[in-house]
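In what follows, a structure is listed as structure tokens, so that the remarks can point back to it.
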Amino acid sequence: MEACHFPEQFNVTTYTAMAVAIVTLETFAGMWINAFIVSVICMVWVKKKTLNSNEKILLFLGSSRYSYLCISWVYSFLSLIYPNYLYVHPIFQLLASARSFFNCSNLWFSASLCVFYCIKIANFRNSFFIYLKVKIDRIVPCLLLGSVLFSLVIGIIAYNIMDKALSNNFNFTCQGRIWKSSIRIDQHFLPHYFMLGFGYATSFTAVILSALLLLFSFWRHKRNMQTNSMKDLSMDAHIKAMKSILSFFIMSSINFICLILTLIYSMKNENHAIFLTYLIQYTFPGFHSLVLIFSNPNLEKRLLGILPCGKCKVFLKREL
């Protein structure tokens, strides 16, 4: 591993300390929420010896989000406190590759969950849709495997891009801040941003289609049930699925905007603005997972059971 031979200067300013504190609070909260999902599903797996399709997706999604937040915290901590330890071969490349892998898998697992909800809950008489509804439990493992393989390819490509950018200029690996390098951002990092944008766009398209189909099915089902005053279970399922899909729709929109802003601010060397976009992105893996918990009766019951404060339970129910 090639380290830089510069005097080590670890000047922790007030801004740096506050930034580390905020990142730690956001990432650890999101890690706890996703670790809770993974632990509950694993306990169900041990108890029942099997998992349904929804639980499989939630298990993969919670694991990917936990890993993404963990890697992101390490990346942010090193870049703020120990930058000389970050920008050496191959630490920076490995962290960037791992972040790309888990970020992409997070997006695709979330899109797979939206597609699953749409196929499972929406009611259409189309023969192809009926076929998907019957075969959905066999399709889910293929979706998960495809998401992992696609994310792995993205991670490998990201590693090669970062490695090429660092190896082409020795001063680049020895910079305390990556944004101060003389290397042009559009020359080396634009393919990386393009890959991330492609991942966002494809998963975003799947979410939009799922939301539109589920919304149309909900509207048609509600129209057919207007004369029925009894509580309809299918209506509740539509509402919970729409809540999950719409929350991820909002999350994907803001994340895509943050990706564009990161590219723009990188070209302008605006470090504080870049860090602000990262703070926004770190919020949503935990927030959307919290929405998923309150959309799942088993997870909701387990979470409310461990909360010590009764007022907290009422507040969370009202908010979500």
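Counting starts with 1 at the first residue shown.
Glycine residues also receive a Cβ, built from the backbone N, Cα and C atoms like all the rest.
According to TrEMBL, the protein carries these features:
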TRANSMEM  15-46  transmembrane segment
TRANSMEM  66-88  transmembrane segment
TRANSMEM  100-119  transmembrane segment
TRANSMEM  139-162  transmembrane segment
TRANSMEM  198-219  transmembrane segment
TRANSMEM  245-267  transmembrane segment
TRANSMEM  273-294  transmembrane segment
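In terms of C-beta pairs under 8 Å, the stretch of 66-88, 100-119, 139-162, 273-294 lying closest in packing to the transmembrane segment (198-219) is 100-119. Nonlocal intrachain contacts for the transmembrane segment (100-119), taken as residues 6+ away from its ends with a CB within less than 8 angstroms of a stretch CB, comprise 53-54, 57-58, 60-61, 64-65, 67-68, 71, 129, 132-133, 136, 140, 143-144, 146-148, 150-152, 154-155, 158, 192, 195-196, 199-200, 202-204, 206-207, 209-211, 213-214, 241, 244-245, 248, 252, 285, 288, 292.
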